[in-house]
Amino acid sequence: MTINLRSSNKILAKAAIILFFFWVIALILLTRPLLNSPQNDIGADVLQRLSKAMSELDSLKERNQELQWILSNFTNEALSGNIKEDVVERLRATLVDKIGGLPINFGGLEKKQSGPSKEYEVKRRGIYKGVQELWYFVNQELEKLKKKGPELISTDLSNLIQEVISSGKEHEAVILNDVQDLSSMEGHDSWRAAEARSLSDLVQRRFHYLQNPADCSKARKLICNLNKSCGYGCQIHHTAYCFIVAYATKRTMILNSKKWRYHRGGWEKVFLPVSETCTDPSGLDRSNWPGTHETQVVELPIVDMLSPRPPYLPLAIPLDLSERMIRLHGDPQVWWIGQFMKYLLRYQPETQTMLDEAKENMNFRRPIVGVHVRRTDKVGTEAAFHSIDEYMFHVADYFNKLDMKQKVEVRRVYLASDDPSVIPEAKKKYPNYEFLGDVSIAKGAAVATRYTDSSLRGILIDIHMLAHSDHLVCTFSSQVCRLAYEIMQTLHPDASHKFKSLDDIYYYGGQGPHQQVAIYPHKSARPGEISFELGDVLGIAGNHWDGFSKGVNERTKQAGLYPSFKAIDKYHIVDLPSYSEVSSN
């Protein structure tokens, strides 16, 4: 067992509080007789009590010296990083004896660290999101007021509002930093890291077991054809959807990737094979989806054509792992999808080498914010145009918050786009930032040149760098942005808050309903709002990032805006195979 200096300081602080407590008691013992005794009895009585109090103070002094000796020795052992469990227990027992049986709490240092409760983790993350939503609302309302115009608002008042916005932003940054610091106290960070590894390892072992049956000729199989006519991010999400269905039905996924549009050599030229032992798509009988349980080979259509639709499509999470997932992660739905990406996107050695060299050549260093600017085929159809200034506003916000905790020497940004003009524009407008990125990658991402070797190399680099950034600013209407965010979840215990989307909330193409549940009642207060009661289920369509979300009350069928902080995600938990054949250790 190890303990850091912060934990040692906490113990010293608590010990000081205990000593102060005894000192206060001693003062009370000294002063009470002076306040309550009659004047003619003060002489002898006070002298007697003073003598007794001095004796008690001498005793306290001795105990204080003993306590300081114990704490000093404990701190030295703590700093060495070799604290053993029996040492902690001996210290606890000794302190209890020395201070007369008062309970001692070592701030979370227990014989066995079981980590924080699920309720604690959910509430902590809820406070973080609540502060964000509060600031979204206040900032937006003040900005609206400031823009009313000179006929309604004076210059002095406009300047005052701007001062309030600036000051409020600093307050928000401090509170959010404090909440993040809170998450690392009491040794919980080490628990989160260990739990994230343990849970992910379990899921990955299940995937390996499913994809490598002992006898491929007898295995139940699911055929996934990598032929969907769409971009790279869309095709990866199509593959992951196939894998989710395979997991839920306990079928080995056979990925047919011959003549893949992004690489004619197929999936295995870029990524490791999805199976080491079973690639033969043949079987005794074959059927299109859904087939029967006994059908050996089932062929899966694209998600748009899937009928009937099973209940385990995203954003569903598995029942047997749901408690651990909800406890660990702020968005267990995206964590679950990230695990499928982790298994699927295991690079071939040549691909990994290419990415490592690209990272080194461009001087990819932390801290860094990943920015993805999606243009071309998306603008005007699936997404609105967003200027580089809109992205950089949130990049600056991230670095400003970070700068309040640590000195940021270089404000570094990895900038990815399918528009070659974006990188030069950003460098010209924001000379105080260091931009990493490659204009040639942007040119290759254009629709006309999308399905080339150089384009594939570029999109692999972009997504890899975006996912490995400390924070992501993008539009969730983009498959590339969402894919980078999903991969990011596999690199941290919980990266659910490491993003800013300029448009949509997170979603998965072809997903089931995304629902929230009201944790507070709400009465409509302005046009366009909806009312709801505690416990009402709300179908969420989006977050306007101004304190309000858009959705429909499924009880009243009323559609409109509602305060984001009054509802939380309602997880769709389904009973999936628990793979008892795979050890949970």
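For all residues, glycine too, the Cβ spot is worked out from N, Cα and C.
Curation plays no part in TrEMBL annotations; they are all automatic predictions.
If you look up TrEMBL, you'll see 12-30 marked as transmembrane segment. The annotation coiled coil is assigned in TrEMBL to 50-77. The disulfide bond feature in TrEMBL is assigned to Cys216-Cys278, Cys224-Cys242, Cys230-Cys234, Cys474-Cys481. Taken from TrEMBL, the feature domain 'GT23' applies to 218-502. Residues or ranges marked as motif 'SH3-binding' by TrEMBL: 308-314. Residues or ranges marked as domain 'SH3' in TrEMBL: 511-572.
Projection of TrEMBL feature records onto the structure.
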residue: Cys216; record: disulfide bond; CB count, 10 Å: 17
residue: Cys224; record: disulfide bond; CB count, 10 Å: 24
residue: Cys230; record: disulfide bond; CB count, 10 Å: 13
residue: Cys234; record: disulfide bond; CB count, 10 Å: 16
residue: Cys242; record: disulfide bond; CB count, 10 Å: 26
residue: Cys278; record: disulfide bond; CB count, 10 Å: 21
residue: Cys474; record: disulfide bond; CB count, 10 Å: 26
residue: Cys481; record: disulfide bond; CB count, 10 Å: 29
For the motif 'SH3-binding' (308-314), sequence-distant contacts whose Cβ falls under 8 Å of one of its Cβ atoms, 6 or more beyond its ends: 241, 244-245, 248, 290, 333, 336-337, 508, 510-512, 572, 574, 576
Candidates Cys216, Cys278, Cys474, Cys481 (disulfide-bonded residues) - the one closest to Cys230 (disulfide bond) by CA: Cys481
Averaged pLDDT, computed only over the residues in the motif 'SH3-binding' (308-314): 98
Distance from Cys278 (disulfide bond) back to Cys234 (disulfide bond), taken between C-alpha atoms, in Å: 25
Shortest C-alpha distance to Cys481 (disulfide bond) - which of the disulfide-bonded residues Cys216, Cys224, Cys242, Cys278: Cys242
Nearest of the disulfide-bonded residues (Cys224, Cys242, Cys474) to Cys278 (disulfide bond) - Cα to Cα: Cys224
Tally of DSSP helical, extended and coil residues in the motif 'SH3-binding' (308-314): 0 helix, 0 strand, 7 coil
Euclidean distance between Cα atoms of Cys474 (disulfide bond) and Cys224 (disulfide bond), Å: 30
Secondary structure tally of the domain 'SH3' (511-572) (DSSP, helix then strand then coil): 3 helix, 29 strand, 30 coil
Cα separation, Cys216 (disulfide bond) to Cys242 (disulfide bond) (Å, whole number): 18
